[in-house]
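Take a look at this one; I'll ask things after.
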Amino acid sequence: MNQQQLTDGTRYSITVYQAFTIVVSTIYGVGVLSLPRDVAEVSGNDMSWIIIVSGIFVGIIIALLTALCMRFPGQTIVQFAPEILGSRRSHWLGRFLTIIVLLIIALYLVSGISMSVRIFGEAMVNAVLVNTPIEAVILVLLISVAIAAGSEFGIVAKYNELLMLLNFFPLVIEIFAFIQRGESTNLLPLLQMNTSQLPKAMLSGAFAYSGYSVLLMFSGFYKQPMKAWKAHLFAIGTIIVLYWIKCVGTLSIFGKDELVRVMYPVLETGKVIRLHAMLFERLESAILSIWLVLVFTSVLNLYACTVQMVIEFFRLKGRYRRWIAFAFAPVLYVMAMAPENMGEVGKYAERVGIFGFLTDCLPILLLVIAILRRKKGEMPREISSSR
């Protein structure tokens, strides 16, 4: 497919730092509050190293996806997939296979959004809005995200950049909690898992890093696509450190046996310390407020990618972006409300995670095909002149 300028006027507007913030903000989202419990249920005390190994595994996948995007600078997967899968004689075959690939990726994005929204609603209703119907919480979030997802990609990137530092504020609280209430003996003993449990533990840890598929769309808007390595790998490295601190901190405070019984361990860390000189005496309220913004940003990135995928595939003008965003909202609401209880939500979320890893095989397969067929995109003139 020939490189074409999109009609939203934001082509090649995302900087290296913004690319870094997009990956971090997308991955570091809805599952943060329950992350230590989810990993501890499978790996126990070994969560302190499982979360690192899982992150490295995901980092390898991100590196492969980045290599694919760098072979076609200035293009999204909607644009380079037909070029990889098709040929001059059978252009229709490439188009047909691309439709299948994009449908699978879009289904994963939509499923991820719906489960993130439902988990967010459950957390808010259980922790703060006890008397508020979960339907109202989910509806408000979806409408807010739909409005923001109707914006241009460049604006979405700036929003990620603006709120990036919020990711690190809870870290200060967690370090205080570790210093005041943490016990190093709770981290031991290590290496207690059977080898048969290792794959499941790795998968559980890797679920926490889902969402990086957005780079298949956002990378087509990078000002300096050849520096994507720097942005993406530094982003996953940052998330590994953040996750490790959360897992080790909560494990040292609660211990393995108590940790698996706490619904939201990260939120509970705000209750074990009291800093009376601070603005918030109950620090869990500060953690929850920041988490609300982080979830919004994560869902926004997934939502914006889905809308952009539709815009590019059907070659629509930018003015239809907001209408498409609102058209997805009812579908997402129905999907989010499908599970009847929190137990079903967990099962659905696990299936979405597995489906996500299977979906990631498609871009990796595209990379292999591109290498074998020696397919490679040219650097767009606009990027070349801005380097």
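We count from 1, first residue shown onward.
Even glycines carry a Cβ here, placed using N, Cα and C.
Copied straight from TrEMBL:
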TRANSMEM  12-35  transmembrane segment
TRANSMEM  47-72  transmembrane segment
TRANSMEM  92-110  transmembrane segment
TRANSMEM  130-150  transmembrane segment
TRANSMEM  162-181  transmembrane segment
TRANSMEM  201-221  transmembrane segment
TRANSMEM  233-254  transmembrane segment
TRANSMEM  288-311  transmembrane segment
TRANSMEM  323-340  transmembrane segment
TRANSMEM  352-372  transmembrane segment
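Context for these features, please: burial, neighbours, distances.
Proximity of distant same-chain residues to the transmembrane segment (12-35), defined by a Cβ-Cβ separation under 8 Å and at least 6 residues beyond the stretch ends, is recorded for 62, 74, 116, 119-120, 123, 153-154, 157-158, 160-161, 163-164, 167, 207-212, 214-215, 218-219, 221-224, 227-228, 230-232, 234-236, 238-239, 242-243, 246-247, 263-267, 291, 294-295, 297-299, 301-302, 380, 382-383, 386.
Same-chain neighbours of the transmembrane segment (92-110): 77-78, 81-86, 213, 216, 302, 305-306, 309-310, 313, 328, 331-332, 335, 352, 355-356, 359, 362, 366, counting only residues six or more beyond its ends whose CB sits under 8 Å from a CB of the stretch.
Away from its own ends, the transmembrane segment (201-221) comes close to residues 10-14, 19, 22-23, 26-27, 29, 31, 35, 38-39, 41-43, 46-47, 50-51, 53-55, 57-58, 61-62, 65-66, 68-70, 74-79, 105, 108-109, 112, 153-154, 157, 193, 228, 232, 236, 239, 243, 298, 301-302, 305, 308-309, 349-350, 353-354, 356-357, 359-360, 363 of its chain (Cβ-Cβ under 8 Å, at least six residues beyond either end).
If you look at the transmembrane segment (288-311), the same-chain residues 6 or more away from its ends with a CB under 8 A from one of its CBs are 6, 8, 22, 25-30, 32-33, 76, 78, 102, 105-106, 109-110, 112-113, 116-117, 120, 123-124, 127-128, 141, 144-146, 148-151, 153, 156, 159-160, 163, 166-167, 169-170, 211, 213-214, 216-218, 267, 318, 320-321, 324-325, 328.
Beyond the transmembrane segment (352-372), the same-chain residues lying 6 or more positions past its ends with a Cβ under 8 Å from any Cβ of the stretch are 61, 64-65, 67-68, 71, 77, 80-81, 84-85, 101, 104-105, 107-108, 111-112, 115, 203, 206-207, 210, 213, 216.
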Considering only the recorded stretches 47-72, 130-150, 233-254, 323-340, state which has the highest number of Cβ pairs under 8 Å to the transmembrane segment (162-181).
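Top-ranked stretch among 47-72, 130-150, 233-254, 323-340: 233-254.
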Could you name the stretch, out of 47-72, 130-150, 323-340, with the greatest number of CB pairs under 8 A to the transmembrane segment (233-254)?
47-72
